[in-house]
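Annotated features in Swiss-Prot:
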type	residues	note
BINDING	Thr49, Cys50, His51, Arg52, Ser107, Glu112, Pro113, Gln114, Gln118	substrate binding site
ACT_SITE	Cys50	active site, nucleophile
SITE	His97	site 'Important for activity'
BINDING	Gly187, Ala188, Gly189, Glu190, Thr191, Gly192	NADP(+) binding site
Amino acid sequence: MTMTLSVVAVTHRTAPVTIRERLSLPVEQQCQWLQRWGNQVPEIVLLVTCHRTEVYWLDGEETAHRGVEWLAELGGLTVEELERWVLQRSGAEAVRHAFCVAAGLDSRVVGEPQILGQVRRARDLARAAGTLGPILDRLFSCSLATGRMVRVRAGWSTGKRSLARVAVREAARLCSDLQSARVLVLGAGETGRDVIAALCRCQPAVVWWTNRSPGRLAQIPSEEPVRIVDWSEWPRLVTEADVVFVATNAPEPIVRLEHVTRHARLPRLLVDLAVPRNVDPAISDVPGIRVVTIDDLPADPVPVAAWDGVAVEPYVERAVQRYLRWLEARSIAAEIRAAHETLQSMLERELEKVLRLALRDPARTGEVKRVAAASMARKTLFPLFRALESEPQRVALALRLLAYDR
C-alpha cells in the first residue's frame, strides 16, 4: 500500500492567538495525544510552539480531514470552528512545509533560532512515544540538517534574530525612553532569557527578573546588570514597573486584573510573549495600560538585506527534492519486495505441481517442466499485458529489464 505524508497546521499565518492558545499544551499531554493518535496511523509527530501547532502523519490514503478532527478534539473545538484556521498539505507540499518550518522561513521572525530546537524536541518526543517511524524520522532529521545549514549560509547563526529582540525593540518604540524605564521580566525560559539579553543592550534604569523556579535564574551570567528577585515579589513590582514582559509556561493568565487595579500607579506597557497568554485580556480595557500580545509585534522588522544576498529558498528546495527522491526510491524498493514475495510464492506453487506430477509419472518429467515453465511465464507477464494499453512505455521498460540477462 502506498503511504501518503500529510500535515495539518494552525500557525501565526493562519490563526490568531485566541485560537492557537487553545491548541497549546505541555509536553506531558503532547505525549499522551501522540500515543492516542498513534494507534490510528503508522507514524505521527506533533510540533507545538507559541506560533504553531502542527501534526505530521503517514497514512494509507490522503486523509487531511483526520488531522483537522484531531486538532479540533485537542482544542475542545468543533471541526467547523477550527477548519477555517487550518493549513492542510500532503505529499510533496507537506515535505516542503516541514523543511521551510525547520529552516525558519515560516517563522514570524524569519531565521529565528528557537525553531530548530522545537523541531528537534518534537521528533524526539515522537520517538519516546513510539510513534516515530523511518519516514518521519528521515523527514525531521533532513529538515533539521537543512535548517542548520541555512542558518550558517544566510548568516543567521549569530543569534541576533529572535522574537524577544523584536519585543524589546517594540517596547522601546512605544515607551519612547526605555533607558529611563523600570522593567520587570517574568519567566526564565528561552524567551525570558532572550528578553533579558536584549534589555541589557538597552540599559534600562532598572531590570527586575523573577521566575517560579529560582534555580533557572542562577544560570544568568554574573555580568548581566539585572536584579534577581523572589517570585513572591512580582505582584508588588508589577505596579512599580513601567514595562512588564511576561513569558512563562503557565497554562493560564498569571497577571490578572486585580494585580493592576488595586494600586494607583500602573505599568504603562505589558508585553505578553506567552501562548497560552499570561496576561488577562481584560487588562487591555484599563485606562493608561497598553497590552501587547505576541500577535501585535511586527512580523519581521529585519530587512531582506540581512540575508546577505544568499539564495536560501533554492537551497531548501534542493534538500526537499533529495528527500522526495529518497522517498520514491523507498517506495519502489517496497514494491520490489512485494513483487519478489508474489513471484516466489507463485514459483513454489508451480514447483509443487511439477514434483507431484513427476513422482506419479517420471517419463513425463520433461513435458511437465515445459508446461510449468509456460504457466509461470504467463502468470508473470499477465499484469504487464493488462497494463499495456494504459502505460505502454513503462511496460516496455519492464519487459526489457526482464530480458536483461539474455
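First residue shown is number 1, and so on along the chain.
Just so you know, glycine gets a Cβ as well, placed from its N, Cα and C.
This view paints the features noted in Swiss-Prot onto the structure.
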residue: Thr49; record: substrate binding site; Cβ within 10 Å: 21
residue: His51; record: substrate binding site; Cβ within 10 Å: 24
residue: His97; record: site 'Important for activity'; Cβ within 10 Å: 22
residue: Ser107; record: substrate binding site; Cβ within 10 Å: 24
residue: Pro113; record: substrate binding site; Cβ within 10 Å: 21
residue: Gln118; record: substrate binding site; Cβ within 10 Å: 17
residue: Gly187; record: NADP(+) binding site; Cβ within 10 Å: 25
residue: Gly189; record: NADP(+) binding site; Cβ within 10 Å: 15
residue: Glu190; record: NADP(+) binding site; Cβ within 10 Å: 15
residue: Gly192; record: NADP(+) binding site; Cβ within 10 Å: 25
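For Ala188 (NADP(+) binding site), other Cβ atoms within 10 Å of its Cβ number 25.
Nearest to His51 (substrate binding site) in space, judged by Cα atoms and limited to the recorded positions His97, Gly187, Ala188, is His97. Under a cutoff of 8 A between CB atoms, and with a sequence separation of 6+ in the same chain, the neighbours of Thr191 (NADP(+) binding site) are Cys50, Gln114, Leu163, Ala164, Ala247, Leu273, Ala274. The record gives Gly187, Ala188, Gly189, Glu190, Thr191, Gly192 for NADP(+). Within 8 Å of the mean position of their Cβ atoms, the other Cβ atoms in that chain belong to Arg193, Asp194, Val195, Asn211, Ala247, Thr248. For Ser107 (substrate binding site) paired with Ala188 (NADP(+) binding site), the C-alpha to C-alpha distance reads 22 Å. Cα of Gly187 (NADP(+) binding site) to Cα of Gln118 (substrate binding site): a distance of 18 Å. Classification of Pro113 (substrate binding site) by DSSP places it in coil, neither helical nor stranded. Around the Cβ of the residue listed as 'active site, nucleophile', the number of neighbouring Cβ atoms within 10 Å comes to 22. Taking the C-alpha positions, the distance from Gln118 (substrate binding site) to Glu190 (NADP(+) binding site) comes to 11 Å.
Summary of the substrate site environment: with the site residues Thr49, Cys50, His51, Arg52, Ser107, Glu112, Pro113, Gln114, Gln118 set aside, the chain residues having Cβ atoms within 8 Å of the Cβ mean position are Arg108, Ile115, Leu163. The CA atom of Pro113 (substrate binding site) is located 17 Å away from the CA atom of His97 (site 'Important for activity'). Thr49 (substrate binding site) is 16 Å away from His97 (site 'Important for activity') when you measure Cα to Cα.
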